[in-house]
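Engineer: Starting off with a structure, shown below.
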Amino acid sequence: RRPGAAVRMEEEEDEGGGGRGAKSARFVRCLYAVGFLDLFGVSMVVPLMNLHIKSLGASHTVAGIIGSLYGVMQLFSSTFVGCWSDVVGRRYSLLACILLSALGYFLLGNSTTVFLFAISRVPVGIFKHTLSISKALLSDLVSERDRPLVMGRFNAASSVGFILGPVVGGYLAEFEGGFYQTSFICASIFLLNGGLVWMLPWSEENTSNRDQYQDKGTNSFSAKLNHDLHLKSATSRAVTNSNFFQSPWIQVGAMLKKIKGIACSNLWDVFLVRFLMSVAILLYYSNFTLALEERFGVKPLFSGYLMSYSSALGVLAGCLLGPITRLYRHNTYRLLLHSSTFTCVLILLYASAPSIWMVILSSTFLAFSTTIGRTCIIDLELTVGGNEASGTLLGVGQSVTSVGRIIAPLFSGIAQEFSPCGPPTLAVGLALVAIVIMNANKQKYRSHGSVKLKNQ
């Protein structure tokens, strides 16, 4: 009698789950649009910013200081904003970040002095974490098995915006006052994004979020216990959370508790792997244009085309993540290890390339390996650390990457004093260290979340 009842219950869930699945799919596709519009608007403005601040009379040193301050603000704010999204819910934190970023770009469109330019970067530096919160929301909505595929598609959609944005921004910059117009358009795009996020069916998605963890084919006690834990977790981080209206002191206390859980957890090796691979890839790109000119006499225009070509291949790699993860039977650790090893070999191939054709070959495959690696390291963070604090985990990961962006130019400058191949050679060494760390901790990675955050 029990197997028959289980079959009937499964059929009923399938009939009712079709609508929930369709709503969930629409919700995820809307988040793809949010990621596309986000990077489309940003990439319209960012390539023009150095030219604009110099036109305002700033020196190279001042321009560099303002750019560094933005990176420092991102470094310290990403963890707190990610943790805040765990506390108050994804909906209100995502809306707040989008609207405050829109304010920053609106102020940028009114920046007629260097001081106003610097002021306009403050709200963007603190709250421009919309992509991280969107990824945390995707992690809440989809199963662990589907997460790499969904993350890969989200990255691909965002990358398309990053490819198209500079083209539109460069066209608008040709007109008189083009930078100001581009900044206002970027702010308008963020407002449009805010409206899109506000109109999402959050209440319906909250229900489907709670239902997604059901294991229909298993009746064991452990499966029921696992479902109950996931249900409790999904309820605690419900995207329509009313904690946004709680006392700020309560929110701060909850944020500090989550950050303490990260600090006390055994996740240092995961973040160290992310740090090492991030710095390695940044070193590869740090002197790319200059090194090609010195080694092969290639003009900067060709280097720009090659980088755009690599970006387009990165989009394709994001779309192919589904078949690739199925080929690896959803083993994120093994896929990350292989992609990191492939990245290390390709950077070594670039550093020792005897001709420009070898550089093109290495760039072609490097676009695939780095895209896959970025998606896998995020999935590994969430798998090992647990979904209970996905916003905090992604925020800490962004902080780790920000540290890499700060120190990579310094390492690149020192290495380049010896040879144009110095930065990629150093990158190979760092990637090898990351691979050794992954091999040394493979048992923990394979345990799929046995190491959870403390004090949760």
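Glycine is treated like the rest: Cβ placed from N, Cα and C.
Because the structure is a prediction, the values reported are computed rather than measured.
Okay, these came from TrEMBL:
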DOMAIN    27-446  domain 'Major facilitator superfamily (MFS) profile'
REGION    1-22  region 'Disordered'
TRANSMEM  30-49  transmembrane segment
TRANSMEM  61-85  transmembrane segment
TRANSMEM  92-108  transmembrane segment
TRANSMEM  179-200  transmembrane segment
TRANSMEM  267-286  transmembrane segment
TRANSMEM  306-328  transmembrane segment
TRANSMEM  335-360  transmembrane segment
TRANSMEM  422-440  transmembrane segment
Engineer: For the transmembrane segment (335-360) and the transmembrane segment (92-108), does the number of C-beta pairs under 8 Å, pairs 6 or more apart in sequence, reach 3 or more?
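Structural biologist: No, these stretches are not in contact.
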Engineer: Using a Cβ distance cut-off of under 8 Å, indicate which of 61-85, 179-200, 422-440 has the most pairs with the transmembrane segment (92-108).
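Structural biologist: Comparing 61-85, 179-200, 422-440 against the transmembrane segment (92-108), the winner is 179-200.
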Engineer: With Cβ-Cβ distances below 8 Å as the criterion, list the same-chain residues six or more beyond the ends of the transmembrane segment (179-200) that contact it, or say none.
Structural biologist: 27, 30, 33-34, 37-38, 40-42, 44-45, 48, 51-52, 91, 94-95, 98-99, 101-103, 105-106, 108-111, 130, 169, 172-173
Engineer: Averaged over the domain 'Major facilitator superfamily (MFS) profile' (27-446), what pLDDT does the prediction give?
Structural biologist: 82
Engineer: Quickly jot the same-chain residues contacting the transmembrane segment (267-286) by Cβ under 8 Å, restricted to those at least six beyond its ends, or write none.
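Structural biologist: Residues 307, 340, 343-344, 347, 350, 366, 370, 373, 377, 380-381, 384-385, 393, 396-397, 400-401, 403-405, 407-409, 411-412, 415, 423-424, 426-428, 430-431, 433-434, 437-438, 440-441, 444, 451, 453 contact the transmembrane segment (267-286) from elsewhere in the chain.
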